[in-house]
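Colleague: Relevant sequence annotations retrieved from TrEMBL are reproduced here:
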DOMAIN    18-57  domain 'Molybdopterin oxidoreductase N-terminal'
DOMAIN    61-518  domain 'Molybdopterin oxidoreductase'
DOMAIN    632-744  domain 'Molybdopterin dinucleotide-binding'
Amino acid sequence: MNRTEPVSELSEDGFLPHTSHWGVFSARMKDGELEVRPHPGDPDPNGIIQNFPAALRHRARIAQPMIRRGWLENGPGPDEKRGRDDYVPVSWTQALDLLGAELLRLRDGPGPGAIFGGSYGWASAGRFHHAQSQIHRFLNVACGGYVRSVNSYSSGSSQVLVPHIIGDYEDLTKRNVSWEQIAEHSEIVLAFGGMALKNSMVAGGSVSKHVERGAMKRAAQRGCAFVLAGPLRSDLPEEAKAEWLSCIPGSDTALMMGLVHTLVVEGRHDRAFLDRCTVGWPVFERYLLGETDGQPKDAAWASGITGVAADEIVALARRLHGKRALIVVAHALQRAEHGEQPVWMGMVLAAALGQIGLPGGGYGYALGAIAYYGRRFNAVPVPTFSQGKNGVADYIPVARISDMLLHPGESYRYNGQTRTYPDIKLVYWAGGNPFHHHQDLNRLRRAFARLDTLVVHELAWTATARHADIVLPCTMTLEREDIGGSSNDPLLVPMHPIVPPYGEARDDYAIFADLAERLGAREAFTEGRSVRQWLEHLYEPTREGLAAKGLPAPSFAEFWGSEGYILPQQPDDGGRLRAFRDDPQGKPLPTPSGKLEIFSETIAAFSEADCPGHPTWLGATNVPDAETPYVLAATQPRPRLHSQFDFGGHSGAAKYRGREVARMHPDDATLRGISDGDIIRLHNERGACLAGVVLTDGIRRGVIQLPTGAWYDPVDPHDDKPLCVHGNPNVLTRDVGTSALAQGCTGQLTTVQVERFDGNLPPINAYEPPAGA
Ligand SMILES: Nc1nc2c(c(=O)[nH]1)N[C@H]1C(S)=C(S)[C@@H](COP(=O)(O)OP(=O)(O)OC[C@H]3O[C@@H](n4cnc5c(=O)[nH]c(N)nc54)[C@H](O)[C@@H]3O)O[C@H]1N2
Ligand SMILES: Nc1nc2c(c(=O)[nH]1)N[C@H]1C(S)=C(S)[C@@H](COP(=O)(O)OP(=O)(O)OC[C@H]3O[C@@H](n4cnc5c(=O)[nH]c(N)nc54)[C@H](O)[C@@H]3O)O[C@H]1N2
Ligand SMILES: [Mo]
């Protein structure tokens, strides 16, 4: 591959521009050490970039292609030894020959419908080397396609629900209420699940300015009130000067109903807005008032479910009324059983307040969850690598992977359809870590054991790599050249290579190009371009877009020699929701009725008991009981993105005795004989893990928080439910869909028991390469 040498003339001190999902930065090698520094224009840089230095040459990196011994000796086929076997280092030629033959066997035998290439995951920044784009293009071009996955672990239920009730998902999340509007206009922000700065530190692709802290600070200084409803006080930053309404996880829908009920009985709901801009209010109102089921959803009722005093609910409803009020619902709320309901009810609350479409008011779903919400879109296209056309129509909702592998041929419901799980023989992953993102990991192991072949491209020995039959080592961004950017961040960044690849690691592109050769498709895959030629090619639409606007349109060479290029952005005009509010007849929403749907005939006609035609309090099946009396909130981790560079210095510094740190309330700890600094064991019927513990009154009693992302580290890999000694909460979470409507991931909440761990503390082996490697 054509790889340019680092262009050190660019900067006098040798720092070269680069970017990541956690911020734009520059980097250099000095005395054999990597140094990184954030972009000087970033007002609130993110410490996660400090994971790079220790990660770069960490022993957890993969140096050479590896094949699992059982697969090498016995060939493809189901095998319980996945995750328990040793590895045999092989040459690139041998690895690609064996994999090419296996792909041909399937493509020309059962066909590409036996290949699962969903390959969900965040991969790395970079518009060309984006791993999902690379793998999908490869499978399309060389194998005739693959079974894909739809939706995400982030927003599995809202992505399905929102088109039925509000319209376009991006109009709601990305072209609606901005941080600029909050700073200037909002008078009260009620955030369910908060807007934690730890979360808005990241954005897929790139982020050049972290603006959230500053915007909340400006709003609060202007007098805007922030109210946080949720189990964790730290979900809004100190700068917001927020009031904390501590509520029971999973109860938000009832809290919102109590608020709307109060508005209605006090005549404070905006009837004119409801009449003009929504459908179905009368049906919902009958339910709300208890006319259909005998139970008014009043503040007293909501209090019993949420743990919030009734008078607090009434007072909050009165405060919301008549103000420029913004309702925020975090992604986390819908990553749980019946996750559709709080998303739907949040819209109803904002509609009852009559605020949707006003500057700084209305419904800011997912605002603050990631740094690409609440910003502006670029006015010119950013480089995009074409994935080609998939010849296989079949797909699964992304979080149903274990169900698919364990139940081929069985049927399931999704978005009004009855669908059938395909019979998958080979799973191919590049750029994701299912042993990070999926639930009930011990079940996932059983699912992967059923495959003929599992192929993984990875830069490090994640648990997913350790379960694979063929492990192909790939580069990380600092070892390759690319263009960094995102469709709603203005800075387009030339990503320079800082160091040569680790060991024999290769770019995903180079791996797929050589593999395509073995399937007779090299030319179709590469189109004869080197990496540099691809970058120039992908940059061209951006340059043309700039020229068409009469703006300076630098050549690729000029762009490449720059520190980055600032693209023009679209106005912050409230998007389609503002236009709809201003003219509901002339600018209808893309819903069946053209309005906000408080009652959806479409969803009602699906007849799903777990997702009726309007927001409904459905209770929960997974509630605390004598055996598992605590609610575990498995949240996003602060010091890293998901499981990425868990072995980096910034991530490691946040651990306690090498383990992930849980938080619990001191009163709960006392009851269980647990003290600050103990190691605890969390467990339920699905599994168990160890963690450090910090006691804090910033968490609601009865709730334990354990962030995701510690690499799965089973102490006895031969056991069916091994103890994860490192603190991966997904050994505990439930692998069930949110509802038959969306089948989204429910990983956020589960019930557990906890106790002090007094046994001999097992060592952490998560970052040690497996035997043979
Ligand atoms: N219990 C629970 N579980 C959750 C969540 C939760 O709230 N609770 N959150 C969920 C959410 S929102 C998400 S989005 C998922 C995230 O799940 P993932 O996106 O799967 O997690 P990552 O750790 O980002 O995995 C990306 C992997 O890609 C690898 N990688 C990076 N760059 C490259 C590259 O260039 N090429 C290749 N081949 N590989 C590369 C990294 O090393 C890493 O292993 O997790 C979900 N899981
Ligand atoms: N640093 C960092 N930032 C990230 C990520 C990361 O891995 N690391 N991941 C990114 C990704 S891919 C995504 S999708 C977003 C996810 O964004 P979210 O899903 O919103 O993030 P979480 O941290 O899982 O949850 C936010 C908060 O919701 C609260 N919460 C949990 N359950 C409930 C509930 O039932 N009710 C209420 N009211 N509150 C509840 C918890 O206290 C938690 O701190 O984060 C992104 N940001
Ligand atoms: Mo996500």
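The first residue you see is number 1, and the count goes up from there.
Each residue, glycine too, has its Cβ placed from N, Cα and C.
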Colleague: Do any residues of this chain, six or more beyond the ends of the domain 'Molybdopterin oxidoreductase N-terminal' (18-57), have a C-beta under 8 angstroms from a C-beta of it, and if so which?
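Modeller: Sequence-remote neighbours of the domain 'Molybdopterin oxidoreductase N-terminal' (18-57) are 11, 122, 124-125, 197, 201-214, 460, 476-478, 484-485, 491, 493, 495-496, 498-499, 502, 563-564, 639-641, 644-645, 647-652.
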Colleague: Where does the mean pLDDT land for the domain 'Molybdopterin oxidoreductase N-terminal' (18-57)?
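Modeller: Looking only at the domain 'Molybdopterin oxidoreductase N-terminal' (18-57), pLDDT averages out to 96.
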Colleague: Per DSSP, how many helix, strand and coil residues does the domain 'Molybdopterin oxidoreductase N-terminal' (18-57) have?
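Modeller: Result for the domain 'Molybdopterin oxidoreductase N-terminal' (18-57), in helix, strand, coil order: 10 helix, 17 strand, 13 coil.
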